[in-house]
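Everything below concerns the one structure shown next.
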Amino acid sequence: MDPSGSSSEGPGGKPPTRPQKPGPWPPRIEPFFANKDHNPWELMSWARRTGFNPNHSGETASVVSDREAADEQTPARGLDLERGIRRRGDGVPRKPEIEPVAGRGRTNRGVEIGPMVPGPGAGPAARNEKEKRKVGVEPPVVGLKDERREAGEETPLRIKSDGPEGNGHGNGAAAISLAKADEDSRKEAGKDEREVEIDFFSDGQEPEDLSGYKPPSGFRAGVTENPGLVPLIFYGIQHYLSLAGSLVFIPLIMVPTMGGTDEETATVISTMLLVSGITTIMHSYFGSRLPLVQGSSFVYLAPALVIINSEEFRNLSENKFKHIMRELQGAILVGSVFQAVLGYSGLMSLLLRLINPVVVAPTVAVVGLAFFSYGFPQAGSCVEISIPLILLVLIFTLYLRRISLFGNRIFLIYAVPLSVAIVWAYAFFLTAGGAYNYKGCSSNIPSSNILSDRCRRHEITMKRCRTDVSNAWRAAAWVRVPYPFQWGFPTFHFRTSLIMVIVSLVASVDSVGTYHATSLLVNLSPPTPGVVSRGIGLEGFASILAGLWGTGTGSTTITENIHTIDVTRVASRKALEFGASLLILFSFVGKIGALLASIPLALAASVLCFTWALIVALGLSTLQYTQTASSRNIIIVGFTLFISFSIPAYFQQYEPNSSLILPSYLVPYGAASNGPVHTSSEGFNFALNGLLSLNMVVALLVAFILDNTVPGSRQERGVYIWSDSNRLDTDSSSLEPYSLPAKVRRCFWWAKWVGL
């Protein structure tokens, strides 16, 4: 009889049946997807893509507080740029806290998963479980649905952790042992503690070895793989052909604007090929070690046009090209030294805490959008070849993208080179057939010497459409080796150097986004802050080489790499290194640069319309790592995009004070000398007017301030996983592809950014 007076016996005087225990708490959560012969890496990839963090995903308060207490008890190690990478000798790495549980999604297994919560009187075993949670190992509890449940017994099972010799992922062929659910009942039954082995792969599938890096499904070659000699040659050439528009078309815009000749255009193209090949190999060995091509970036094109159109260079007639090139070289050298110090000093790892997808997305998108005033206005000067080229590129990349030949999607991969070759041949036949012959007019006569009004009307058509206008092929030598200071010794001025220092920050933010997107694409863990710092530092050193050789722009990671790796399904570093070696050899053949310099300007502008649009899309795709439906993010990105065009438009409305009328497509870059900022320092006026007339600089400034001052959760902001000290995956095997070669690591043992 209990105190309430009710009988404690059941009907018939029999002891009452034991009440059924309530279900596990928190409630059991269904799996993310139907788990049938799944690859355990998929869930980890999903977590990396979505920025899933156990600290904000339903974890119990007790577990969070335990981890925080353990973190507080951990002694500080100082500034470690490679945080998250286990160095040899540091002991066992902390296991991922959110891991796929093999077999959980399968039906008819009789397995239930729930947390094990020690009661108030828990003994040493419970305390051991608590200690395990402190280091991030939380073995889930499995309860069998068998006859024991019908008898009212709950027999929890505990999954054994892998230990130091395990695969480090907590899944695979898990050994499951019975834990004591009720010690008293076991003693009464006289049963000893038993172990029960459950095969999660009983349907014949062998557990997958997750000890090393594996490329994603569908890829022909992973980052560390060597596909063999013949595929290596094919993949290397293929990768650079798909990037042809980004590698060689910048000089076709810059050099004529600088007053350069066709021969000088060919020389600059050859120099860019040489620097791109050297810096790509360097980045593959000493940088981030991701399969990324380095080269002249469109990030540097807009500030270069601002310097080119400064008032002191507008009316130069003698050696104008060399004067401007030496000015650009000096500014690039100063900006690249700043970028190298930013990376190698470790400051970049601190800055990464403030650089999130909401900052990267509008900044990169605006890099492409900023050239809208140049794209079709230049291409439209010869619609006979520009419209067919744009249509061909769209047809190849969209409508024919699934057509495969010998296992290669040739139209998608080679869309740009195929379109250029077809339309260039078409333009050649138009020229040879007399489509651009006008009686009494010659395309070789300088514009200032054309007296006939009729010929003046056709001047632009002849220069932009004809394939025989360029003298580069006739003037270029067969063999010419680009060398440092080939345009003369660089000149240094405060105003241009300040512009390039700020632009190097924009280039670094662009590269941060590219590193992150590429790592997820090739199934790698996101690079740690130390790896990012190392990559940014090397990009600064690469820009120093570009400044010494005189390419006119800095060298950085080309954003279009992401698209190229995605469509080619090749991420092999060896293939990129082979292709880079070919670029170096091609740079010594002067006729190759001359051939590329002979591409009609309208044709080049048409290709750039597609390339710039691709940069816009790749930039905005970074928002996939955020909560895109969040009103916070919508307002920040939308306002940033709008204001990044509106503020520069205000500065660009100030007309240049020059007798030389600038072409309409160059007017946006002439505000530096005549903007509204007026202080006692003319150099500071030029720099500030020039910077605020650049769309990408305004976008970076506005997005950076808003994202870091407006409150928002980490998932909402899309905080990069490498800036989180509690990343999902800190296993050294998944970070091994980032580590430097052993010999290099020994030479730089004193530096924390060298890697594993």
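Backbone N, Cα and C atoms are what each Cβ position is placed from, and that goes for glycine too.
If you look up TrEMBL, you'll see 13-29 marked as compositional bias 'Pro residues'.
Residues annotated as compositional bias 'Polar residues' in TrEMBL: 52-63.
Taken from TrEMBL, the feature compositional bias 'Basic and acidic residues' covers 79-98 (among others).
The compositional bias 'Basic and acidic residues' annotation in TrEMBL covers 127-136 (among others).
The compositional bias 'Basic and acidic residues' annotation in TrEMBL covers 144-163 (among others).
Per TrEMBL, the feature region 'Disordered' maps to 1-34 (among others).
Feature annotation from TrEMBL assigns region 'Disordered' to 51-173 (among others).
What TrEMBL lists as transmembrane segment is 232-254 (among others). Within the chain carrying the transmembrane segment (232-254), a Cβ under 8 angstroms from the stretch's Cβ atoms is held by residues 220-221, 226, 265, 268-269, 272-273, 276, 293, 295-296, 298, 301, 304-305, 308, 374, 408, 413-417, 420, 552-553, 558, 560-561, 564, 567-568, 570, 572, 574-580, 582-583, 596-597, 599, 601, 604, 607-608, 610-611, all 6 or more beyond its ends.
The transmembrane segment annotation in TrEMBL covers 266-286 (among others). When Cβ-Cβ distances below 8 Å are used as the criterion, the transmembrane segment (266-286) is approached by residues 247-248, 250-251, 254-255, 260, 292-296, 472, 475-476, 480, 482, 486, 534-535, 538-539, 541-542, 545-546, 549-552, 555, 557, 573, 576-577, 579-584, 586-590, 592-594, 596-597, 740-741, 744 of the same chain, each at least six residues removed from its ends.
What TrEMBL records for 292-310 (among others) is transmembrane segment. Sequence-remote contacts of a segment are chain residues at least 6 beyond its ends whose Cβ falls under 8 Å from one of its Cβ atoms, and for the transmembrane segment (292-310) they are 239-240, 243, 246-247, 250, 253-254, 257-258, 272, 275-276, 279-280, 282-283, 324, 327-328, 331-332, 367-368, 370-371, 496, 499-500, 503, 506-507, 510, 514-515, 518, 539, 542, 546, 551-559, 561, 564, 576, 579-580, 611-612, 615, 656, 662, 666, 669-673, 686, 690, 693-696.
Long-range contacts of the transmembrane segment (331-352) within its own chain (CB-CB distance under 8 A, at least 6 residues past either end) are made by residues 79, 81, 300, 307, 490, 492-493, 496-497, 499-501, 503-505, 507-508, 512, 529-530, 532-544, 546-548, 553-554, 720, 722-723, 752-753. For 331-352 (among others), the entry in TrEMBL reads transmembrane segment.
For 358-376 (among others), the entry in TrEMBL reads transmembrane segment.
Feature annotation from TrEMBL assigns transmembrane segment to 383-400 (among others).
Sequence annotations record features per position, and here TrEMBL assigns transmembrane segment to 412-436 (among others).
Among residues of the same chain six or more beyond the transmembrane segment (578-597), those with a C-beta under 8 A of the stretch's C-beta atoms are 232-233, 235-237, 239-240, 248, 251-252, 262-263, 265-271, 273-274, 276-278, 280-281, 284, 293, 470, 472-473, 475-482. Under the heading transmembrane segment, TrEMBL lists 578-597 (among others).
Feature annotation from TrEMBL assigns transmembrane segment to 603-621 (among others).
Segment contact holds for the transmembrane segment (383-400) and the transmembrane segment (603-621), given three or more CB pairs below 8 angstroms at sequence separation of 6 or more. Only pairs six or more apart in sequence are counted, and the transmembrane segment (633-651) with the transmembrane segment (603-621) gives fewer than three Cβ pairs under 8 Å, not enough to call it a contact.
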